[in-house]
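Now, the feature entries from TrEMBL:
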DOMAIN    A:1-138  domain 'Homogentisate 1,2-dioxygenase N-terminal'
DOMAIN    A:140-293  domain 'Homogentisate 1,2-dioxygenase C-terminal'
ACT_SITE  A:His151  active site, proton acceptor
BINDING   A:His194, A:Glu200, A:His230  Fe cation binding site
BINDING   A:Tyr209, A:His230  homogentisate binding site
Protein chains: 6
Amino acid sequence: MENRCFYNSDGDFLIVPQKGKLLIYTEFGKMLVQPNEICVIQRGMWFSIDVFEETRGYILEVYGVHFELPDLGPIGANGLANPRDFLIPVAWYEDRQVPGGYTVINKYQGKLFAAKQLVSPFNVVAWHGNYTPYKYNLENFMVINSVAFDHADPSIFTVLTAKSVRPGVAIADFVIFPPRWGVADKTFRPPYYHRNCMSEFMGLIRGHYEAKQGGFLPGGGSLHSAMTPHGPDADCFEKASKAKLAPERIADGTMAFMFESSLNLAVTKWGLKTSNCLDENYYKCWEPLKSHFTPNSRKPAEFN
Amino acid sequence: MENRCFYNSDGDFLIVPQKGKLLIYTEFGKMLVQPNEICVIQRGMWFSIDVFEETRGYILEVYGVHFELPDLGPIGANGLANPRDFLIPVAWYEDRQVPGGYTVINKYQGKLFAAKQLVSPFNVVAWHGNYTPYKYNLENFMVINSVAFDHADPSIFTVLTAKSVRPGVAIADFVIFPPRWGVADKTFRPPYYHRNCMSEFMGLIRGHYEAKQGGFLPGGGSLHSAMTPHGPDADCFEKASKAKLAPERIADGTMAFMFESSLNLAVTKWGLKTSNCLDENYYKCWEPLKSHFTPNSRKPAEFN
Amino acid sequence: MENRCFYNSDGDFLIVPQKGKLLIYTEFGKMLVQPNEICVIQRGMWFSIDVFEETRGYILEVYGVHFELPDLGPIGANGLANPRDFLIPVAWYEDRQVPGGYTVINKYQGKLFAAKQLVSPFNVVAWHGNYTPYKYNLENFMVINSVAFDHADPSIFTVLTAKSVRPGVAIADFVIFPPRWGVADKTFRPPYYHRNCMSEFMGLIRGHYEAKQGGFLPGGGSLHSAMTPHGPDADCFEKASKAKLAPERIADGTMAFMFESSLNLAVTKWGLKTSNCLDENYYKCWEPLKSHFTPNSRKPAEFN
Amino acid sequence: MENRCFYNSDGDFLIVPQKGKLLIYTEFGKMLVQPNEICVIQRGMWFSIDVFEETRGYILEVYGVHFELPDLGPIGANGLANPRDFLIPVAWYEDRQVPGGYTVINKYQGKLFAAKQLVSPFNVVAWHGNYTPYKYNLENFMVINSVAFDHADPSIFTVLTAKSVRPGVAIADFVIFPPRWGVADKTFRPPYYHRNCMSEFMGLIRGHYEAKQGGFLPGGGSLHSAMTPHGPDADCFEKASKAKLAPERIADGTMAFMFESSLNLAVTKWGLKTSNCLDENYYKCWEPLKSHFTPNSRKPAEFN
Amino acid sequence: MENRCFYNSDGDFLIVPQKGKLLIYTEFGKMLVQPNEICVIQRGMWFSIDVFEETRGYILEVYGVHFELPDLGPIGANGLANPRDFLIPVAWYEDRQVPGGYTVINKYQGKLFAAKQLVSPFNVVAWHGNYTPYKYNLENFMVINSVAFDHADPSIFTVLTAKSVRPGVAIADFVIFPPRWGVADKTFRPPYYHRNCMSEFMGLIRGHYEAKQGGFLPGGGSLHSAMTPHGPDADCFEKASKAKLAPERIADGTMAFMFESSLNLAVTKWGLKTSNCLDENYYKCWEPLKSHFTPNSRKPAEFN
Amino acid sequence: MENRCFYNSDGDFLIVPQKGKLLIYTEFGKMLVQPNEICVIQRGMWFSIDVFEETRGYILEVYGVHFELPDLGPIGANGLANPRDFLIPVAWYEDRQVPGGYTVINKYQGKLFAAKQLVSPFNVVAWHGNYTPYKYNLENFMVINSVAFDHADPSIFTVLTAKSVRPGVAIADFVIFPPRWGVADKTFRPPYYHRNCMSEFMGLIRGHYEAKQGGFLPGGGSLHSAMTPHGPDADCFEKASKAKLAPERIADGTMAFMFESSLNLAVTKWGLKTSNCLDENYYKCWEPLKSHFTPNSRKPAEFN
């Protein structure tokens, strides 16, 4: 079998495996990344990935910027993702000739280029510095939220952010909805109805997403573009509106996440057509809502 | 008649009506905006506009940034546009079924999309926050300028600015030339001849623009692109050069304005051709100038 | 009875009434401030206070800076204290001669000066701007905290902050410990043992402070200076260490607060001696702790 | 006669001569500075001054910061003081032995120290850089102000500022009130009644200060401390309130100035007593005001 | 012969002549620029260039930003390029009619436009300000580098930088490798093997580039795109690895330089094909390296 | 013997041992620090020090700020002190009763306080975070300097800096003059004559300081206050002025350093009198200089 490794000259990859383990070889060492963990492989790093079964997941690529922890402000030193829970590889190398050669594939300006070499590229004996790939187990996220009343913005679940140069505006945020206690009194607890100045791409690693329990499966995705209103489905709305509020566990066994960006996301032809995966009835989840909102031209038609 | 409302996912609108009143319905309430007033409707806000007669004006759209008051520095707390003169709507709503449905039109990435709903979108009973549309009467602008000698930069007339992240460089400035006293001694008082690191789009709401009295009518526009020199017409130059300087009223009954941008503005095919409005003799206003500047290839020819 | 009003040329007052109502007359109007509310009266504002019974409380004065809401970062727009819950006075004035004159007392560089005038100083008919006194009801504080595991820094309870020019370092923070749900699993829930780079002055408006239930009464105060370790008393430690963790209400009926400063606080002679209020046995609350920490020279002795 | 030169290790001097010329020798060359000019001699520069007649003026010393032009913002490139009007010395030196020696006096931490040397300290043959003394003729100040209505803050007259590290807060501003046109309609044109978050020390170089024509002479000074209200005298108020507003020249033949500081200024014993110059009746200028403001304890008495 | 002048509405030119002198006429005056000097002509400036022989060189154009000296930090006031070595023109003008007219060519949004005028555009009699073209002799660069051990980053040779708004990320840097002493002990002295987060375009003004002595001639260029590894050729590696380290002169008679950019550089069709200058064997310089790195598909093939 | 440990509530200590080893016990573990190493123990950390022989050195204390590496700018990632050469302790603890008790001494607001406890304070079993004491071997400093001509500012030798909030102004810099190559051509290589906007306290760890070879011994110190000129002694000047410039080793076997501060340093009575160490003839080192500079009143006399 052919030996291949890869590096990306364009940007950084945030990888969210949803099914199957990834054994990632990098110049810095090896990482085993499993569902409910994420990893980041930055621009310029050579890596290859072994898989052992059917594997799938989500990848977010950002350009010209690296992911970092959000500024915590009053949250203080112990909240959200803790630096010490980000694991980096231990140096590892192999010194071997590769029969047939190693194919090095480079993503450069959105295109792929290939070159060959005879030795393994994983020949870095030791390294120092802090520009390294890393992984993070989402179970380590220290969740904070309302403990009296009212509903916090989902930004409170931010794991990593790739900042633009405009303060408060992110190229991309990686946000999760982990298992936690819900205790807010006098409050509609599910995500509220809103429109967002950012694009929201949601994915589900496991379990059932609270705001759309039936129609959103692990491995699926939804995209709500900037400024178009959305919120929980009618069923969720009904239940949460009538719920008697007491402390309760939320999202046990579930891990949903969001790629949120101040930029607009284009959907590929593959996503819209080839994959045959588009949910044409998505909008119907809101139809039973009492607000009579009936967007009956579900296929956005160009106007005028 | 069909019911329509609109929202813009791309950016913010600065609307400068020049003729006819606008009755603007928004989710935040209603605003009546007349010539010599301006209004701003931001990204994501649903609105529709009623007009009562022939109506026209100017719109400036900015992306990824909102308009704000300029930093005043030594001008201090009382100069230029005052925050308290910006008026925002009072909450208003209607709770009604719309026979035939309400068509909601969305501008997204420069294209228009439509959806239908049965109830009025103007169903917001109350709101709080400061992300609201607003209007401003240009008569409230507190004008400052030279009161001894020399000529200030037109930035001194800035009403609103949409800042880029590079300090001192605006995505767009909205600048006006209001009625005022001219008292600068030993000074050529009209706009000086210059080239600009920004694009200048000028418009005229009413009256006569001082630097080009004959050839620039209310509702018209002129565009001087970055770094190409320009200035008053020959007639203005002659008069102002010989004028005996005493305190005099400038621009009474007139309101000219400028959309100024650090970016280059493209002119649509409609503007260049379809409208049949292009002034092919514009350059001739400078021909009588003593400087012998004779740009006789008025239609810019591609070179080389 | 004499008529007096007061203004402070040195700094801003944050007033925390603990017992009795304050009817505060200011140039901007009147405010009734009761225990569990706070108010801020800034530098230069003329005011006088009427009380109706025995009254006491706490005052924090800051120089060269004003209080503001903390930067919320990932907490988002709805967390902690909300701008709309800060109430400002409605304009009010009186136009009257004062027999015997009004005595205007000015605090200037830590000294008091007096002048007299014949008319009421509360003669401001109308005003505009945002430099106004304000009050805030602590019950409106939207409390967030851990909803899974681990213990957040008390900065998560920050109501107002007076920032120094060094990012992250406050001249003073005003922090409260309001009624809330405690749900953190696998966690020692009371304040942890720590040393702080800031000075902590704690006060109690009502109820029982969770980390020292017996020895800290409403109207009392404790001061832990920078970098000296401290934490819950032995009793609290014992109970919390053995508690079976389930959702529980914390601090119902209680409101403790903290004035926290990056500066060192000096205690007046009145506080140390005259008041006869010093708790000489304070250190004993830690003696039963298993850590054998026995600071037996409780009156700090100057060394060497 | 003894030869002396001086350098200041503590801060920068802003010198405002009010009477008599100053011939200033510096290591960088010579400057002749006359009334209506100012000069700045920075920390560490060796200089001596020759005078030719009775000489007096004002000096402002700032620590840890240098004077600079204010950020002009919308005022643009041509307003207020222009960089090219600040004149710096041409290199000049003398190579001579000094019989009896040159006494070099150093101001260090507020004390004076002396050392002797045999040669002239003005022995710098050439230099480069931009850390030089400079002078500025106040007649070159490009004055801007209201040209329609309303009253600008006096900061609009800022010549130089010594910034603190808190944006918008100056260690010291140097502000002038130069001859200019007054054209603001519907406006009380003299300085309005106000209290200030800064200390105001006013001086008069020549002419008559508009807000207190009789009682404030060239060479005099007034100090209004932070947050204590003040304004024009009763006579000025009466006249300006009734004046028919038309364009008029203001302050012709006059040059008043202000040293304004966010810090409090202490008055020396010399100023309060020894000089015998204190105006004990200063407060009476406001007594005739209709507002009945009667501060009859003019000598501030310590209260309580 | 036709008279032409040029101005660029898009950006600034950094011109690096490699062969032949340039006599540059600008509105600000004339500059003679020879190889080993560089000059910068900014956006909007009118200029024309006379040459006297075969002439060639390199041009770097940047948009929306100007070149400036790098922040020196601990390097202090005397290192790298000194402000006083940047020379600007003395005002010069001509007042003449041009038979046939002067053709003014404008580069605007990447296209060229032409207009005609009858008089010379070089008619500026005097000017002031600091927006001027300038030249710099590379011999004046004050070189710093390791004087004990280890190898500094080539950024230590930065002459000018055009900063992006992201701190530490340059739109473009202009870097030179001037004659200097090499004294680093225990160090591989030539450029180390590396991959770069920026694009590196190297050129050679004269002499022999140390890291590739045979294959890189004056007037040539090499481009190493972001994140693709590169370094000295095998010959250089061999020699430097075995060299006995003593103080030695490096690059005497040589001047190589680098245009470095955080953006990717596209190569024109002219560069890749028409010029017939592409070095198809470039990659072979690394083949003899012991690392067996053999990129044998030298023409990047699109992969997949 | 008594057991003591210490913590400083006021600031951070930078310790420069000059003679004798220090075995430092801290809550984070143990550090052995020897001459030519430095260590930093921050505010609030408990430590005690064992010595084995006669010991002496220098301590610099800074308030309200921590030491950090300087911003390297064009120097790049490999210059000056490298982060990886700063060593931190490995966790270590002891669990023992202390007969007679452990005396904990606290420095608070410049005074010392003591308390007793029965167990060892070094009872921290494990820790995480980055607020730790550290040590650094000065031999690891990667020295850069001029490798062509001219003389760099001594800031180029900065190891650590404690920044004020004013950019470019340090509370304190720690600067060293390590062994290195001197190769600058056409340059006076020793420190140049200068006056400084900072205070310079120099010390010598070992060897001979190049600018004052005879009169400055290991363990000694010199203080040059802000803005008073100074430089090499006459002997150094003579030699360096006539030296034939070739590559040469500088400071082999020597390590001088500087504590540099934007603040003024006061000398204690112990330093000026009690120690009997003041060099009353220090100024004479400059007397033979040809510049005839003769500061013959060596004991600064208060003037006037």
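Glycine is treated like the rest: Cβ placed from N, Cα and C.
Recorded residues A:His230 (Fe cation binding site) and A:Tyr209 (homogentisate binding site) have their alpha carbons 15 Å apart, per Cα-Cα distance.
A mean pLDDT of 95 is what the model gives for the domain 'Homogentisate 1,2-dioxygenase N-terminal' (A:1-138). Taking only the Cα positions, the spacing between A:Tyr209 (homogentisate binding site) and the residue listed as 'active site, proton acceptor' is 18 angstrom. Those residues of the chain, other than A:His194, A:Glu200, A:His230, with a C-beta within 8 angstroms of the mean position of the Fe cation site C-beta atoms are A:Pro191, A:Tyr193, A:Arg195, A:Asn196, A:His224, A:Thr228, A:Pro229, A:Gly231. Between the alpha carbons (Cα) of A:His151 (active site, proton acceptor) and A:His194 (Fe cation binding site) lies a span of roughly 12 Å. Annotation for the recorded positions A:His151, A:His194, A:His230: lowest Cβ count within 10 Å of the residue's own Cβ, A:His194. Using a Cβ-Cβ cut-off of under 8 Å to chain D, none of the recorded positions A:His151, A:His194, A:Glu200 qualifies. Each of the recorded positions A:His151, A:His194, A:Glu200, A:Tyr209, A:His230 was checked for a CB under 8 angstroms from a CB of chain C; the ones meeting this are A:His151.
A coil conformation is recorded for A:His151 (active site, proton acceptor) in the three-state DSSP classification, outside any helix or strand. Shown in sequence order, A:Ser222, A:Leu223, A:His224, A:Met258, A:Phe259, A:Glu260 are the residues of the chain, 6+ apart in sequence, with a C-beta less than 8 angstroms from the C-beta of A:Glu200 (Fe cation binding site).
Listed recorded positions A:His151, A:His194, A:Tyr209, A:His230 compared with chain F at a CB cut-off under 8 A give none as close ones. Under DSSP, the residues of the domain 'Homogentisate 1,2-dioxygenase N-terminal' (A:1-138) split into helix, strand and coil as follows: 7 helix, 72 strand, 59 coil. Summarising the environment of A:Tyr209 (homogentisate binding site), the number of other Cβ atoms within 10 Å of its Cβ, over all protein chains shown, is 25. In the three-state DSSP classification, A:Tyr209 (homogentisate binding site) falls within coil.
DSSP classifies A:His194 (Fe cation binding site) as strand under the three-state reduction.
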